[in-house]
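S.K.: When I checked TrEMBL for this same protein, it listed these features:
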DOMAIN    9-69  domain 'HTH tetR-type'
DNA_BIND  32-51  DNA-binding region
């Protein structure tokens, strides 16, 4: 990587961090590209060189999460049973949300955010592999497709995170996530 490319990457990362920080303080809709540019000490043109919109800043969060689940979480799912691995997976999901912080998660949880609906993301694919394994060995029911089970579980998990955001992170998200998912996954037990 050339020095110029490194500089461009550093500028992009700086704009990204500043943009997220402002969105955490002012909300997604309360933050403008002009405010991000000013706080990052770059021109609006420089912002648009690195990002097409505010939404692109949020999309970077999702790409990072997908990479994390594909490259890190996949190897951490070592529980004995498939049902335990699914609960373990959602423990990792909760942990990732905790590390991102309640203020960042509040930025993501708004009705216009369609990233939650995108299919074939890395995060989902890791869970689908585990569910399919469970169906193949007969631990999980095959009455619903792996995709339907994953969607059901993700809807519940997002609801738990949303509730955590509403309560300003005032409870143990990981413990709650594992408790709820441990109960929910039994609906799909064979």
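Here the Cβ of each residue, glycine as well, is placed from N, Cα and C on the backbone.
Would you situate these features in the structure and describe their surroundings?
M.R.: For the domain 'HTH tetR-type' (9-69), the DSSP counts in helix, strand and coil order read 49 helix, 0 strand, 12 coil.
Note on the DNA-binding region (32-51): residues 8, 11-12, 14-16, 18-19, 21-22, 26, 57 of its chain, located 6 or more positions outside it, place their CB under 8 angstroms from a CB of the stretch.
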S.K.: Find the average pLDDT over the DNA-binding region (32-51) in the predicted model and report it.
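M.R.: PLDDT averaged over the stretch: 94.
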